[in-house]
């Protein structure tokens, strides 16, 4: 039976500081390391044999993957990394304190940017964009594909082709797959898997460092889901 494990990275240093993070590359906090370690322990305690893992290009997800596989004694399995699993790009909001953003733009506007399905935050500046384009991890990426800002809908548009072309192929082969990613890239996968409406998906809360297991049919219909 195919099995999919979705796990949002452990708490990051910017999560702890209440900052918009998006594509900014930050480390796990001490709490986040503990969450990721515990996630791996839960995988081991439940005797889940992972065949392959997928993660983003951002350190907090990469490190979470490492802790999960190390603690479950499966660090030797293949791990594939893709920008398509990166967090939603929060544009010009990245690096801002969320409370400060509410004071500057208004509570309602910030809520719309955060929780609407198809509304993007303000675009990043050209200077911010140039910093991403200079980052070696994105050298392979056509700069026309590099977002200035993303809605959840935009995130889904880049995540689902990666699901179809890569992740789902291992599941169709009956394997157990770990996806260690981010709140919004995981939200996009859940929307697709469960056919969640545009209105409902924005209210889904994705816990940090909590493995969410999907048991699937051979054609990848959801049979059951549960947190470890």
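Any Cβ shown, glycine's included, is placed from N, Cα and C.
According to Swiss-Prot, the feature active site, tele-phosphohistidine intermediate maps to 9. Look at Swiss-Prot and you will find 87 tagged as active site, proton donor/acceptor, backed by sequence analysis. The substrate binding site annotation in Swiss-Prot covers 8-15, 21-22, 60, 87-90, 98, 114-115, 183-184 and rests on sequence analysis. Here Swiss-Prot flags 182 as site 'Transition state stabilizer', drawing on sequence analysis.
Of 9, 87, 182, all annotated as recorded positions, the residue with the shortest Cα distance to residue 22 (substrate binding site) is 87. In sequence order, 18, 19, 20, 110 are the residues of the chain that are 6 or more apart from residue 98 (substrate binding site) and have a CB within less than 8 Å of its CB. Following the DSSP three-state reduction, the secondary structure of residue 8 (substrate binding site) is strand. Neighbours of the residue listed as 'active site, tele-phosphohistidine intermediate' among the recorded positions 88, 182, 183, defined as a Cα within 10 Å of its Cα, are 182, 183. Take the CB of residue 88 (substrate binding site) and look out to 10 A: across all protein chains shown you find 29 other CB atoms.
Between the alpha carbons (Cα) of residue 88 (substrate binding site) and residue 182 (site 'Transition state stabilizer') lies a span of roughly 8 Å. A gap of 13 Å separates the Cα atoms of residue 14 (substrate binding site) and residue 87 (active site, proton donor/acceptor).
Between residue 11 (substrate binding site) and residue 182 (site 'Transition state stabilizer'), the C-alpha separation comes to 10 Å. Following the DSSP three-state reduction, the secondary structure of the residue listed as 'active site, proton donor/acceptor' is coil.
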